[in-house]
Structures are given as C-alpha cells and as structure tokens.
Amino acid sequence: LAEEQGIDAEAVLVGSVAKGTWLSGAADIDIFIHFPLTTSEDELKEYGLRLGYGCIERFGGEAEERYASHPYVTGYIDGYEVDFVPCYRIDDASMLRSAVDRTILHTRYIQENLRDEQKDDVLLLKQFMKSTGTYGSEFRVGGFAGYLAELLVLCYGDFEGVLEGALQWRPGYIIDLEGHGTGKGFEDPLVVVDPVDRNRNVAAALTLQRMAEFVTASLNFLGNPGPEYFQPPSYSTDAAEIIGTLRCRGSRVIVISTGVPDVPSDALYPQLRKTLDSVVKNLEAEGFSVLGADYWSDESRSAFMVLEMDVWELPSYRKRYGPPVWSRRHRERFLRKHERVWVEGSRLTIESPRRHRSAVSYLRDLLSKPDRLRMGKHVGAEIRRGFSVDLLDDVIGEAEKEFLEFMDAFLNPWKALER
C-alpha cells in the first residue's frame with residue numbers, strides 16, 4: 001500500500017506476537033509502520049493514519065482512531081484487534097523521536113536474547129501474574145508489563161527462578177541486565193533498567209502495592225504449588241453471599257455512583273483515584289473511619305467509588321476545644337460566645353451539634369458542593385451532572401455480574417494471592 005502511494009515506509013510486526021510470548025486469547029497484533037528520520041511529525045501522523053485506515057479497509061475490518069504519543073489506528077479484522085502505529089526508523093535509543101519508537105528495539109532485543117525454551121516460562125509467568133491480579137501496566141492495575149515479564153525471565157532463567165528471585169526484592173531493588181549502571185537514578189519501587197535505553201526504568205508503572213502482592217503470591221505458590229495459581233480466582237456473583245460477608249464483618253459499604261466521561265480509560269481511572277482519595281480524606285477529617293476504598297467502572301455508562309466503613313454513624317454532638325484558660329485575649333470572647341463551657345487539661349471546651357451524623361448524609365452534602373473536593377476534571381463534571389450515594393445493601397440487587405465480582409474481590413483481597 002505504501003509503495004502504491006509512493007510513501008517511504010515499512011511495516012514491522014512487534015509485541016508479544018512477534019516474540020512468541022502472547023497469552024492465549026490475548027493475541028492482539030501490533031504492526032508498527034516506520035518512517036525515515038527525515039519525515040516530519042506532521043507527515044508521520046498523516047501517512048501513518050492513511051496507511052492504517054487503508055490496510056484495515058482492504059481487509060474488510062472496522063477502524064477506530066486512538067491516541068498515544070501520537071495518533072494511531074486500531075482495526076478489528078476477523079476477530080483480532082490490530083494496531084497500526086506510526087513510528088520512526090531507529091537503530092538505538094540515542095535516535096529516539098517518540099516513546100513508541102523504542103518498541104521495535106524491545107522486540108528485537110527479546111528475539112535475540114530469549115531462548116525458545118524460555119518462551120514457555122514467559123507464558124507461565126504472565127499467566128501467573130494475570131491470575132494474581134498483578135499483570136498489566138495500565139493505571140487501573142499498576143502491575144507488570146509484558147516486556148517486564150520477559151526481562152525477568154531473562155534475568156532469573158525460568159518461571160520458578162523469577163518467583164524465587166522476587167523473594168529477595170525490597171523497595172528500590174535494581175536489575176540491570178546490560179550493566180548500564182544507571183539504576184540508582186530511579187526512585188521507583190522496582191528498578192529494571194531498559195537494556196535498550198539506559199535512561200528508562202521498564203518497571204516505572206509498577207506500584208509498590210502490586211510489587212508486594214507479587215512477592216506474596218510467589219511465596220504462597222512456592223510453599224504450595226498448584227495449577228490453581230494459573231486460573232483466575234473464583235469470585236462470587238451472589239448478592240446475598242456478599243451481603244452476608246458484610247454482616248459477618250460488622251461493617252457497611254457505601255457506594256457512590258456517577259456517569260462515565262468521554263475520555264480514554266487511562267484518563268478515567270487516575271481521575272477516579274484522585275476523587276476517591278479526596279472523599280476518603282474528607283470523611284476521615286469529619287470523624288468517619290474508612291476501612292478500605294476502591295473504584296470500578298464499566299467504562300461506558302457507570303463509574304463507582306466504594307467505601308467500607310468502620311464508623312458510619314456518629315453521636316449527635318462533637319467535642320470542640322477553645323483557647324487555653326490563661327489566654328486573656330481569647331478566653332473572654334470564647335466564654336461570651338458559648339454556654340456550658342468546661343475545661344479539659346487547660347483548654348476551654350464545649351459540645352457542638354453535628355450537621356451530619358451519618359456518612360451517607362455527609363457524602364450527599366459533600367458531593368453536592370464538589371468545589372470542596374479535589375477531583376479529576378472530567379469525573380468532577382459528571383458528578384456535577386448527577387450522582388447517587390447509597391448503602392450497598394440498597395443497590396446490590398440491581399448490580400451487574402462484573403460489579404458483584406469486583407465487590408467480592410474488594411471484600412476478600414486475599415483470594416487473588418492464595419489458592
């Protein structure tokens with residue numbers, strides 16, 4: 001197609017399919033269209049999109065334009081998702097013009113260094129990570145990227161070697177396969193210096209939480225190995241069973257629901273996290289105690305923030321402290337303003353009626369005045385358009401299967417890590 005149109009470009013198959021390390025059922029195909037370095041950025045975008053759309057149309061697929069560091073085209077062809085991504089033709093990281101240019105170097109490095117017998121170990125490791133909830137570098141997961149899993153097998157030799165090696169990890173642990181010596185320049189929980197780019201940490205997206213969960217799952221597997229670790233956990237979709245779990249715990253779950261803004265998932269989830277963190281901070285400041293909080297979305301219609309409450313109702317009155325009794329300037333004004341004043345320690349003290357005794361009532365008021373919260377821009381706009389705050393007991397009967405599975409995982413986080 002490029003030749004027909006007189007465009008200087010070549011197509012290269014990259015990613016896990018090219019490396020022979022794709023998981024069954026996840027064989028999305030990545031085709032990078034690389035252009036000479038003399039190509040302008042505008043030409044790269046124009047020609048890349050034109051060739052991507054043209055290829056998808058020629059094979060009878062459906063095209064959708066997406067955006068990473070620059071636009072690319074995704075096609076759905078014969079049941080496969082195929083990405084056509086424009087990039088520059090480079091030989092090493094010193095020639096990088098955009099982040100995606102590095103992908104071809106990654107593919108080449110794995111093809112040249114990963115032995116055929118190690119490909120099965122990579123597949124085992126990826127499936128283990130997926131089943132324990134630690135696979136995927138997108139924000140919602142914060143786990144291990146596929147390329148990172150491949151490098152870990154190169155480092156430790158095989159699947160069990162990776163798990164045994166992980167038991168030695170600590171925050172700031174450095175893996176430097178090519179001896180670049182740049183690992184100390186990163187401040188991430190795990191540092192894996194990119195063999196093809198000494199200034200990049202392949203594990204930058206890995207959170208401390210997922211790193212610690214992987215170490216725990218590795219410890220559990222090595223102590224009692226079994227095929228169950230390569231299957232997803234069994235999560236309940238029985239609403240009555242989930243409510244029964246809550247009854248046993250003696251806690252309450254509050255569900256905040258709102259619409260989904262028209263943004264990519266990688267923009268949606270950071271905004272939900274930012275909003276949820278602000279909600280928790282406000283609840284705690286008001287005297288309500290939060291045991292745990294998380295968020296979930298179907299990415300099309302509804303987004304949910306859930307909070308398991310240790311304390312969800314408070315007394316009618318709260319204690320408020322005034323100035324020290326020997327503060328001449330302030331004590332008289334405090335005594336004129338308030339009645340029924342007593343002393344605790346050396347502080348003048350009163351009881352003040354609460355505006356909200358229940359966490360549900362407080363949240364409804366808080367979210368109706370969202371300027372009091374630190375929220376993601378687009379999620380904040382959705383909340384301004386409409387939201388609801390309910391106890392889980394009142395809404396779980398209408399919940400979808402995926403939300404019920406999320407709730408069971410939220411209440412039983414151990415299920416992902418042990419079998």
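Using N, Cα and C of the backbone, Cβ positions are placed for all residues, glycine too.
Annotated features, as they stand in TrEMBL:
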{"type": "DOMAIN", "residues": "3-106", "note": "domain 'Polymerase nucleotidyl transferase'"}
{"type": "DOMAIN", "residues": "120-231", "note": "domain 'tRNA nucleotidyltransferase substrate binding'"}
{"type": "DOMAIN", "residues": "249-389", "note": "domain 'CCA-adding enzyme C-terminal'"}
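Secondary structure of the domain 'Polymerase nucleotidyl transferase' (3-106) per DSSP (helix as H, G, I; strand as E, B; remaining residues coil): 34 helix, 34 strand, 36 coil. Across the domain 'tRNA nucleotidyltransferase substrate binding' (120-231), DSSP classifies residues as 54 helix, 15 strand, 43 coil. Summarised by DSSP class, the composition of the domain 'CCA-adding enzyme C-terminal' (249-389) is 55 helix, 50 strand, 36 coil.
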